[in-house]
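One structure is given here, and the rest of the page talks about it.
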Amino acid sequence: MEVSNQSSVIEFVLLGLSAHPKLEKMFSVLILLMYLVILLGNGVLILVTVSDCCLHTPMYFFLGNLSFLDICYTTSSVPLVLDGFLTPRKTISFSGCAVQMFLSFAMGATECVLLGMMVFDHYVAICNPLRYPVVMSKAAYVPMAASSWVAGGANSLVQISLAVQLPFCGDNVINHFICEILAVLKLACADISINVISMGVANVIFLGVPVLFIFVSYIFILTTILKIPSAEGRKKAFSTCSAHVTVVIIFYGTILSMYGKPKSKDPLADVKTAVRSLVAQKCLTQ
């Protein structure tokens, strides 16, 4: 389903696993099961956090935001993947593709910032416990979480606005199972230098800066924990950070596996990466 060079693309073809039809049903079942676990686990966490007054603390407020974000993040792509696997229809409209890219990009950037906010909460709780009630008051942590959503949405709006302004003509086949922005940009019949530069700057701000902040914060946290005289105190402090560290490692590890290595021409490799990404989201529900 290709469009001639003289006409504009009004829809895209998602190649997906067209070359591996026997694997589509197997992966669809696996992805659906993991998606349901993500919905159930994060949904229960949000419900418990909201209903229990004892959990109305900064840590659980950030966890609730992260759970809701994970639901939105997976929902922005998993239904599209399942639709491509289970139905003969492999196309998506230009506007639908733009919306899907916006949601995925916004949720990813927001999660990067939220993980940084969460490590700041741990840092204050462990390194400055006496000042914790003042520094992490409701007047502070609510705007912190809100700013994460605003920053992620604003970044996504910029990137997708630049992308949809590009002319798309000729080939409209996306070698992916979702509207992944890099795969879409490759189909543009115009110079994408501005898009590449813009995404590079965004990666530094939303990936590089949070990772550096998390790394430095945990150096201070680890130093403080090792100074705690009691073994029980050190164990409690380590347990406070363990879940966050696990999510950070898997989340950023998945991003590196997706964009830090040479791209495979086989969409099957992308599906395996997507499954790893769902595992990263599932870890939050544990």
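Easy rule for this one: first residue shown is 1, then count along the chain.
Placed from the backbone N, Cα and C atoms, the Cβ positions cover glycine too.
No curator has checked TrEMBL annotations; they are predicted automatically.
According to TrEMBL, the domain 'G-protein coupled receptors family 1 profile' annotation covers 41-252.
Marked as transmembrane segment by TrEMBL: 27-48 (among others).
Remote same-chain partners of the transmembrane segment (60-82), defined as residues 6 or more beyond its termini with a Cβ less than 8 Å from a stretch Cβ, comprise 14, 16, 28, 31-32, 35, 38-39, 41-43, 45-46, 49-50, 92, 100, 103-104, 107-108, 110-111, 114-115, 117-118, 121, 141-142, 145, 148-149, 177-179, 247, 274, 278, 281, 284-285. The transmembrane segment annotation in TrEMBL covers 60-82 (among others).
Feature annotation from TrEMBL assigns transmembrane segment to 94-120 (among others).
Per TrEMBL, transmembrane segment is recorded for 140-164 (among others).
The annotation transmembrane segment is assigned in TrEMBL to 204-226 (among others). Residues 109, 112-113, 115-116, 119-120, 122-123, 126-127, 151-152, 155, 234, 237-238, 241, 245, 248, 252, 255 of the same chain lie 6 or more positions beyond the ends of the transmembrane segment (204-226) yet place their CB under 8 Å from a CB of it.
What TrEMBL records for 238-259 (among others) is transmembrane segment.
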Please indicate, using numbers and ranges, the residues of the same chain that are 6 or more beyond the transmembrane segment (140-164) and have a C-beta under 8 Å from a C-beta there.
-> 58, 61-62, 65, 94, 98, 101-103, 105-114, 117, 120-121, 181, 184-185, 188, 194-195, 198-199, 202, 205-206
